[in-house]
Each structure stands twice: as C-alpha cells, then as structure tokens.
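Undergrad: Got a structure for you, questions after.
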Amino acid sequence: MTQLLAPAPGPTASDRPTGARRALRAVAVVSCLPYLSLKAAWIAGSRVGIPEGSALLDHRGVMIAANTLTVLMDAAVIVLALLLTRPWGHRVPAWLLALPMWAATGLLAPIMAGFPAQLAVRALGGSVNSAEDTGREPFLDEWVFGVVYGGFILQGLSLGLLFALYARDRWGRVWRGRVAGLADPGRAARRCALAAAVLALYPAALRLLWAGGSTLGLNEARAAERTSDFSVLQALEACYLAAAAAGALVLAFRWGRALPVRVPLALAWLGSAAVACWGAWLFLASLGPVDDVAERPTAAMLLSYAVQMIIGTLVATVGVRLFKERAGGGGAA
C-alpha cells in the first residue's frame, strides 16, 4: 500500500532518457526563459512591457514579492523537467513529484485551453476592452501576453508529455483496466466525492451565469469591463468543475463500469488541479492592496474561490486513495 509513496528502485542503463525525452526536456527549459527574463527585469526595476499608468506600478513592494514568487514557481518547471528525465528522478518519493506536478497541471492547463480559445473567439468577432473603454491604462502591453502565455503552453505540453511517459514507466499498473475492476474505495471516498459534487454546484452556477452575461456576484469593475475573454474563461471554469466532480463520482461509485480507469483518473487529476490551484491563486491575489473599491472582490467571488479549493482537495483525496490501493496491489489490472 505504501509502494506509491516510496522511492522506486534505482534506474538501470535502459532507463536513460531517449532522444524524444531529451528534446521535450529542452523545450520545457527553453520555454521558461522568456517568462523568467521578464520577471527578473521587473524585479530589477525595468518597465519593459508595462505601460505608463499600469496598476502594476502602484505598489512596488507587492510587485517585487509577487514576481519573486512566480519566478520560483516557473523555475520549478525546470526542476520537474530534470526530475522526469534524469536517473535520480526515479528515486524521488512519489508524493514529492506528484504534488508539484498536480499544481503545475492546475495552473498551466487552464492557460493552455483558455488562451487559444480566447484568440479564436476574438477572431470570430469577440469583444476586447481598450484603454478608452475602461478609462485607464492596460495592465500590460499586448505582446507580453503572447510571449508569456505562449511559453506557458509549451511548458504545459512538454512537461505533460514527460510526466505521462514517466508515470507510464513507474506506475503504469495504476490506470490499467476498467472501472469495473476497481476495488471498493470505501465510505470515506464516496463521501468525499459526493461532497465535492454538491459543493461544485455553487461555483459552477456562478461561472455559467457569468459566461452567459450575468453580473450577479461580480464586483463593479469586473461587471463593467466584461468581454468575450472573460466569458470564455468562465465557461471553461465550469468545465473543470464538471470534470472534477465526474471523475471523483466515477472512481468512488464505479459508475460507467466499461470505461478505462485512465478516463476518470484523468478527469479527476485535471479537474481537481485546475479548480483548486486557480481558486487558491485568485484567492491569494484578492488579498493584495486595492485602491479602487469597485475592484475589490465581492463575498460571492471570495466564497467561490474558497469552495473551489475545498472541491479540488476532496477530489484529489479520492484519487490518492485509489492510487495507493492500486499501487499496493489491490484491484484488477
């Protein structure tokens, strides 16, 4: 039962990374450089990519602290890329790899889906606010988003493929077989799944309302500046909540017995990570200083972020219980 949490046996000569894995590692590392360079420049005092009048310039100390945190987070991508492709990576305890990979999935996957979707909707005539529309300068120059989000997409693709290959080699048995072959996960797992599904109704309803044009629960600034970009992101957030709840329910109650185990596992992993990590990130961002009362998050928004963190944790708990049980030898493979 503890096999998943313990280090794997040391690698052999055949465990050395293939050319494809080395190429993916290089892509992951190189795609971090534009973001890290921009952040380092901003910490040092440069204003490249930041227009005059941007809110980023109002609180220098907060900007330095936030940029330092995000530099460390993106540098962790480089560490993960090395861990997934070096022999010593197979000796790392599973939890020490799974936790940062789960967080990376949760932060990168919504960008990988959201940014292209926003561009597609814009191309079809979606709305975009300008400085004249909002009455204030933009947060960042437009080119920054292309550079940063393009890098994030490459990071997500390369790191995701590396993790899939690594996990197949180390824990392939965990997601073999079908849902019908899963052992009874127990009452605790079923309670976690049910609680997550019920709690998901609140943020999912809000996201769908916002995606459809409602301003219920939004602060004044967000309600006044809604664009197609915002609607796209809200619709996708509802999808992540649905994925998290569906994955947990299938795993806990063994619904859809003909489904391959990897389907609900993937839904639970991706959904719980996206819901919890972006909920935590938005909640953390809401704690920063706000000069305009119209920009302060409403109670409904803060509650939504907090509930998302709880949902993601509950769904992740269901997944961890399954991983531990199957890695320890239980369940049909």
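Glycine residues also receive a Cβ, built from the backbone N, Cα and C atoms like all the rest.
Below, the features straight out of TrEMBL:
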TRANSMEM  23-44  transmembrane segment
TRANSMEM  64-84  transmembrane segment
TRANSMEM  96-115  transmembrane segment
TRANSMEM  143-167  transmembrane segment
TRANSMEM  188-210  transmembrane segment
TRANSMEM  230-253  transmembrane segment
TRANSMEM  265-287  transmembrane segment
TRANSMEM  299-323  transmembrane segment
Undergrad: Which listed range (23-44, 188-210, 265-287) shows the maximal number of Cβ pairs under 8 Å with respect to the transmembrane segment (96-115)?
TA: 265-287
Undergrad: For the transmembrane segment (143-167), which recorded stretch in the set 23-44, 64-84, 188-210, 230-253 gives the largest number of Cβ pairs separated by under 8 Å?
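TA: It is 23-44, which has the most Cβ pairs under 8 Å.
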Undergrad: Where else in the chain does the transmembrane segment (265-287) make close Cβ contacts, counting only residues six or more beyond its ends and a cut-off under 8 Å?
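TA: The answer is 102-103, 105-107, 109-110, 174-175, 200, 203, 237, 240-248, 250-251, 297, 301-302, 304-309, 311-316, 318-319, 322.
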Undergrad: If we call contact 3 or more Cβ pairs under 8 Å (sequence gap 6 or more), are the transmembrane segment (230-253) and the transmembrane segment (299-323) touching?
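TA: Stretch pair touches.
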Undergrad: Near the transmembrane segment (64-84), which residues from the same chain, at least 6 beyond its ends, have a CB less than 8 A from one of its CBs?
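TA: Sequence-distant neighbours of the transmembrane segment (64-84): 21, 24-25, 28-29, 32, 35-36, 39-40, 42-43, 92, 97, 100-101, 104, 107, 155, 158-159, 162-163, 165-166, 288.
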